[in-house]
C-alpha cells in the first residue's frame, strides 16, 4: 500500500472517528442532562469518577501498550504471532482486575450506603465489563491495522445506543436501583461491542472480500491462540516494544486521569463536588474529545506506517517523509485554529452554557470559572495530541525507554501540583496542574520534532504560526463577546441571552471567513483529506 493510499485511509478513518465521537459526546451530553433530573450529584460523582476510573484504568493498562506495539509497521507482521501476543491482554486484565477491585473496595473511602447503596457489587460489575471488552482486543487490532473503518463506527454506535437506552429506561422506571443501573448499562455496552466484532469476523473470514484483500487469516480458528512448529509463539521484537510502551502507558494513564486519581485517593473533594467537576469537565472536553482524539488515533496509524521507527530522516524514503511532514504541518495548524477558537469563545459563553445545561446547580459557584479555565486548557490539549502522535510513531525503542523517565518526572510533578493547587484553588487547581504538565509535554515533543527534521528541508512546526489577520480577528472577537456577556448575560431573560448568542455567532462567522481567506493550505487539506465527500474525489 502506497503512502498516498495510507494517507487516504487514515483520513477516512479520522473522518469516521470524528463522526462517531460526535455521536458519543452528544448522547453522553444528553444522557447526563437527563439523569441530573433523576439522580443526585453524589451518585453522578461515584459513577463518573470512582467507577469510571476503575474501568478506564483496567482497560488502559491491559491493552494500550499492545495496541501501540502491534499497530507499528502496519500489516507487515506474522499475524499468528501477533494474535498470540494480543490474547495476553486477557490474563493481564484479570491480574489488574484482582488488584484494582481490592484497592477500590478496601483501601478507598466507601460511599455512605444509605445515600449511595450497592457500591461493592458495582465495583465488581464494572471490572467485569472491562474484562468483557478485552475479549475483542485481537479483533480490534486486526480491524485497525487493515483499515476496516466502518466496523468500529457501527460497533461502537450500536453499543452506545444500547447503553443509553437501557440507562434512560432504568433511571425512569427504577431509580432506587442506583449504581446497579449504570453497572448494567456498562455491561451491555461492552457486550454489544464484543458481539459486533465477533459477528463481523465470522462473516468476513474466508469470504471473497477477504481473499481479494489478501487478508492474512483464513479461518475462525486463526483468531484463537495457536502455535506453528518451528516458529516462536509470539513476536519477541513486538513483545519487547510492548514492554516499553507498557512502562510508558502506566505513566501516561496517571497524566491522562491524574485529577481523578487525586480526587479518588486523596479525598480533596466530596462526592458531590466530584460530580459537579466531572460534569463541567465532560462539557469542556466534549469538542476536544470528539475532534482531537479521533484525529490523533487515526494519524498515529498513518505516521507509524509511513515512517520507519528509530531511523534518521535522511535514511528514509524521502517522498514518504515529505508527505508525513506536510500532514504534520496541516494537522498542527488545524488543531491550533480550533483550540484558539474554543479558548476565545469559551470564556464569554461558559456561564450561559452551564445555566442552560444544568441550571443553577452548575452555573452558580465555581462552575463557570472551571469551564473558562478548561477552554484555555483545550488549546494545549489539542497541540499535545498531535505532537505526541507523531513523536510516538517516530521514536525508536531506546527513545521510548528514555521518554519513560520524562513521563515519570511529569507524573510525579503533576500529582504534587494537583494536590497543592487543589487545596489552594479547589477544582480549578486540577486544570492549572494539567496546563503546566501539558505545556512541558508539548515542549519535549517540539524539541524532538525540531531535531528530527533539522537535517531536512521540511519545517512542519510552521503549522504553529497562525496568520496575523486570524490573530486580529480572534482578539476582536474576545473583546466583543466579553462586552456582550457583561451587558446581556445571563439574568435578563431569554431575549437578552439570544442577543448574546447572536453576537457570538457573528464573531465566529468573521473568524471562519478569516480562516478561509488566510489559511488556504489548511482549508485545502481539510477538504481533500478529512471530509469524506471531498476525500473520495480529490485524494
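Count begins at 1; order follows the chain as displayed.
Positions of Cβ are set from backbone N, Cα and C atoms, glycine also.
Summarising the annotation, TrEMBL assigns transmembrane segment to 12-31, 43-61, 82-107, 119-141, 153-174, 180-202, 334-354, 374-393, 405-425, 431-449, 469-488, 494-517.
If one looks beyond the transmembrane segment (334-354) by at least 6 residues along the same chain, the residues whose Cβ comes under 8 Å of a Cβ in the stretch are 280, 283-284, 287-288, 291-292, 295, 362-363, 367-369, 371-372, 374-376, 378-383, 385-386, 463-464, 466, 470, 474, 477-478, 481-482, 484-485, 489-490, 497, 500-501, 504, 507-508, 511, 515, 519, 522, 525-526, 530. Within its own chain, the transmembrane segment (431-449) has Cβ neighbours under 8 Å at 255, 258-259, 328, 370, 373-374, 376-377, 380-381, 383-384, 387-388, 390-391, 394-395, 403, 406, 410, 413-414, 417-418, 421-422, 425, 460-461, counting only residues six or more beyond its boundaries.
Two recorded stretches are said to be in contact when at least 3 C-beta pairs lie under 8 angstroms, sequence spacing 6 or more; the transmembrane segment (180-202) and the transmembrane segment (119-141) meet this definition. Within the chain, the transmembrane segment (469-488) has long-range Cβ neighbours (under 8 A, six or more residues past its boundaries) at 337, 340-341, 344-345, 347-349, 351-352, 496-497, 499-500, 503-504, 507-508, 510-511, 514-515, 517-519.
Using a Cβ-Cβ cut-off under 8 Å and counting only residues 6 or more beyond its ends in the same chain, the transmembrane segment (43-61) has close neighbours at 32, 35-36, 92-93, 96-97, 100-101, 104, 108, 111, 116, 119, 122-123, 126-127, 129-131, 133-134, 178-179, 182-183, 186, 246, 249-250, 253, 256-257, 260-261, 263-264, 270-276, 278-279, 282.
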